[in-house]
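Worksheet for the structure shown next.
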There are 2 protein chains.
Amino acid sequence: MSTQTNGTTMTNGPQHANGSDKERVVIIGSGNWQVLSTLGSAIASVAAKNVLLHHELFHPEVKMWVFEEDYEGKPLTRVINETHMNPRYLPDIPLGDNVTAEPDLGKALQGATALVFVMPHQFFRKALDGIKGKVSQNARAVSLIKGVDVHGTKIQAYATIVNEELGISCSSLSGANIATEVAEGKFSESTLGVPSPDGFEGDPDTLPDARLWKPLFDTKTFSISVVADVEGVGLCGALKNIVAVAAGFIDGLGWGSNSKAAIMRIGMNEIKDFSLEYFPTTRAETFLEQSCGIADIITSCLGGRNRKVAEAMVKEGKPFQELEESMLKGQKLQGPETALHVHEFLAARGTKRPGGYPLFDAVWRICYEGAKPESIIDKL
Amino acid sequence: MSTQTNGTTMTNGPQHANGSDKERVVIIGSGNWQVLSTLGSAIASVAAKNVLLHHELFHPEVKMWVFEEDYEGKPLTRVINETHMNPRYLPDIPLGDNVTAEPDLGKALQGATALVFVMPHQFFRKALDGIKGKVSQNARAVSLIKGVDVHGTKIQAYATIVNEELGISCSSLSGANIATEVAEGKFSESTLGVPSPDGFEGDPDTLPDARLWKPLFDTKTFSISVVADVEGVGLCGALKNIVAVAAGFIDGLGWGSNSKAAIMRIGMNEIKDFSLEYFPTTRAETFLEQSCGIADIITSCLGGRNRKVAEAMVKEGKPFQELEESMLKGQKLQGPETALHVHEFLAARGTKRPGGYPLFDAVWRICYEGAKPESIIDKL
């Protein structure tokens, strides 16, 4: 009952995947990773309001799979269920009384028809083993996972992997979304990429998966715009980290605002051209006009870990691996790794873009080949 | 010997407008206005190097018309010609020995074939009286003037006005170009919009006016990209100031990075759509992909006077007219004025854009109608 379109599988079933029942939402977060656990909680707080508002469409409970950990002598899930807050990852923000934290993945997935994946990409493959076989084939998913999965000449966005591995329709949600600001109700935008028939040129808001996910996420202060481009939305969230590293180098070099704006512009164009070259269903406007594109590039180049560590690489003259230890307590930085993946991919596949992807290449050379940060502009 | 194309007049004459002679460059700056006098000097320092490098194309002297003023008891032009620096507007940066400051506009224009206009838009009409009749009809111009000229239902970029008033071909140069960073040789980019035949789809670098201006401005650290879109380049430089005011409101409200990135994105799209609606020769990619578009929007929303005064409007609860007095010593802010012009223009002409231009409109309402800054997102 599914057709492969636009880089993912569309479910042709009824709008409510579980027949006459209402959609049951589960946020599949994963703890012990600050940024995305915070985003998972923020998204839960948004969804918790919207399932009540759109009660004709949703079951009133939002489940949140939370990796169990100790919080001041109590299990974190119990603290969340008693206080309706997540004191570890999103202190002082009420999640909503209808959010239930569940440490058991199988239980969390029971009956769920609307799966929201919010986890670091490196945990996803491991989590898959616990998920496979537990998901209803009528369920649909949306991925907030940042990253691309590269094996030799194959490169994939995570929504495509969810779709392939679980056999369910999967959308993407990404944007300029610093989690605490979303949770505090400060005006934010995000882009929802949904599956569409090949060559679709209609109003993306009318697509079946838009009718599920937009009501779940859209609020006056979390403004969702829909595009018929699942992969484009996912790719932005991964590739922007390369650009953020480049922006950090500019900060470290003290080259100023003109340079930094130039790097963001050039980076955006490389992201767009790379995506259009290798993902034929992606659309230029996803990168150029949407929150998941230019707006997220801007926030990542102004704040964020990738920018910060890259700046320190230049100022302290240390490799990023050493700074991951000292600045990130050993957590992995996504920008250099993504630059490496893209480099390997391009080495295997080649490119038709005149001049190649000089900014992506420079970030790889500086991170892995000992090139000087000043060389970043040499081929631009 | 000229044809109206692409919003301006193309000279069909020889590549060297003055026949067998070399191109003679004059920078038509205007003193007593910090930002653009600094940019004029920065541009002079770039051009001074390039006329020597491309000696087959250019006469080796770069003239700079400078509004005469006193500098520590001496005429500023004499100080510039003796020290080859502009201590008032660009201290410590050598302009080049081949730059000559000239206080007399008529003398500065004598024999000039390559006119570079760098002045505040409000001085331009006045300066025109001194310029008309003194310019060779074989000369060509490039405008770095920011602003649009609005009278009722008519709205024009300054390159178009130069073209109409002086009857010479006029290009536009604009980008993320903080002047001191350009002069210090920090990596910067800029966009050159040149006249082209209607429907031109070739390589803009091959267009006649690109062959004049690109060699004059392009260096390794001031990277010029050419587009066949004179008006688009000029419009960005004016309309971005409305967006910078909006970004300043967000800063004043303390709404954070997601909001600010959203405002830049929405602003960019309104600039693009407004330009495409009323200037049919403009091209979407000028706004979305070029330095004069998104990159200049970014720098203006992060730094700059418009952003700063707008932030103070919110924090101090004062109208911008009062802050112009206290923060800018009475100089006029461009953003609110441009928002007013656009509002009057739209009131006179109407729009086919669904929902109109809500960000432009909100800036006008907040600046002139006493609307609350918080209302900025009401119609987005």
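Cβ coordinates come from backbone N, Cα and C, glycine included.
Positions annotated as compositional bias 'Polar residues' by TrEMBL: A:1-18.
The region 'Disordered' annotation in TrEMBL covers A:1-21.
Among the features that TrEMBL reports, domain 'Glycerol-3-phosphate dehydrogenase NAD-dependent N-terminal' is placed at A:25-194. Mean pLDDT for the domain 'Glycerol-3-phosphate dehydrogenase NAD-dependent N-terminal' (A:25-194) in this predicted model: 91.
There are 17 other Cβ atoms within 10 Å of the Cβ belonging to A:F67 (NAD(+) binding site). For A:29-40, A:F67, A:F123, A:A179, A:R305, A:K332, A:Q334, the entry in TrEMBL reads NAD(+) binding site.
Here TrEMBL flags A:K146, A:R305, A:N306 as substrate binding site. Within the same chain, residues at least six positions away from A:K146 (substrate binding site) with a Cβ under 8 Å of its Cβ are A:H121, A:S174, A:G237, A:A238, A:N241, A:Q334.
The domain 'Glycerol-3-phosphate dehydrogenase NAD-dependent C-terminal' annotation in TrEMBL covers A:229-377.
Just so you know, the Cβ of A:K240 (active site, proton acceptor) picks up 33 other Cβ atoms within 10 Å once every protein chain is counted. According to TrEMBL, the feature active site, proton acceptor maps to A:K240.
Of all the binding-site residues listed here (A:T38, A:N306), the one with the fewest other CB atoms within 10 A of its own CB is A:T38. When other Cβ atoms within 10 Å of the Cβ of A:R305 (NAD(+) binding site) are tallied across all protein chains shown, the result is 21.
Using a 10 Å radius centred on the Cβ of A:G29 (NAD(+) binding site) and all shown protein chains, the other Cβ atoms total 28.
For the substrate site, whose binding residues are given in the record as A:K146, A:R305, A:N306, the maximum C-alpha distance rounds to 14 Å. Here the domain 'Glycerol-3-phosphate dehydrogenase NAD-dependent C-terminal' (A:229-377) has, by DSSP, the following mix of helix, strand and coil residues: 118 helix, 0 strand, 31 coil. Nearest by CA distance to A:N306 (substrate binding site), out of the recorded positions A:G29, A:T38, A:F67, A:K240, is A:K240.
The binding-site residues shown are A:G29, A:F67, A:R305; of these, the one with its CA atom nearest the CA of A:K240 (active site, proton acceptor) is A:R305.
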